[in-house]
Structures are given as structure tokens and as C-alpha cells.
Amino acid sequence: MSAELETIEHQLEDSITSLRNNGVRITPQRQAILKFLIASHTHPTADEIYQALSPDFPNISVATIYNNLRVFKDIGIVKELPYGDSSSRFDFSTHNHYHVICEQCGKIVDFHYPQLDEVEQLAQHVTDFNVTHHRMEIYGLCKDCQDK
């Protein structure tokens, strides 16, 4: 088993444990949606998840996808990214990171820069806020759009 596949399986197991600890029943569809999100590096929309899973789950609906994404979001294992167009994208991530977003095609790429975590501490110190989180987006043109 490859290291990436082991990581996906480990994250899936941890997420299923979190869901169960919150009283959520694990269905085959719910598990498939979660596994797709964990393995995806594209920050998919609900429609993209539906397109990917509907061949294996012919009875799945877009509403089922949205309902499960809401459950995952409420528990904190998925983040909704309401960037750009009217379709939110969804991100499975268990660590802090930022997003670089293509202004032309909407592609979102993860960007890790741990030094920015200090921003929260400084903001809290300077403002006396109890800082809970922060979000940063960087915009530009991805390589594919530059080459067009």
C-alpha cells in the first residue's frame, strides 16, 4: 500500500470515528463522499462530487451530497470555501493552510506557510481579541490559464 493511500485510509478512519462520536450513522454513501473529499486535491463542488460518485451510487442525489457536506462541516472535518462563483467548494483538511485561487478558471491550490500562524498571536496581543482563526486567499492565474 502506498504512503498516500495509507494516509487517506488513516484520515478516513479518524473522520469516521469523529462522526460516530457525534452520533452520525456511517452509510456507504457517506463513507464514499468522505473518502472522495479526503483523496481529492481539487476542492470539489457538490456537483463534482455527485458526478464522480453517481456511477457507483446510482441512487445518490445532489441533495444527499449537500446534506452530508453540511454534517461534515458542522462536525469540523470539512471546510466550505465560498470563493468566487455561486458554487461553494469543499476542503477536507486537518491542518492550517491557505489557498491560491485562479481568477480565470477558479482552481484552488493549497499553500502551506506555517510562519503565518504567528499572525493570530500578534493580532490577539495587539487587539485583546480572543482570535479563533484566520483565512487568507491569494489570487492570480494558474499555469494552465497562463498558457492559454
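Backbone N, Cα and C atoms are what each Cβ position is placed from, and that goes for glycine too.
As recorded in Swiss-Prot, the features of this protein are as follows:
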{"type": "REGION", "residues": "1-84", "note": "region 'DNA-binding'"}
{"type": "BINDING", "residues": "Cys102, Cys105, Cys142, Cys145", "note": "Zn(2+) binding site"}
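Structure coloured by features recorded in Swiss-Prot.
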residue: Cys102; record: Zn(2+) binding site; Cβ neighbours (10 Å): 18
residue: Cys105; record: Zn(2+) binding site; Cβ neighbours (10 Å): 13
residue: Cys142; record: Zn(2+) binding site; Cβ neighbours (10 Å): 17
residue: Cys145; record: Zn(2+) binding site; Cβ neighbours (10 Å): 14
Given the Zn(2+) site residues Cys102, Cys105, Cys142, Cys145, which other residues of that chain have a Cβ within 8 Å of the mean position of their Cβ atoms, reported in sequence order?
Glu103, Gln104, Gly106, Lys107, Leu141, Lys143, Asp144, Gln146
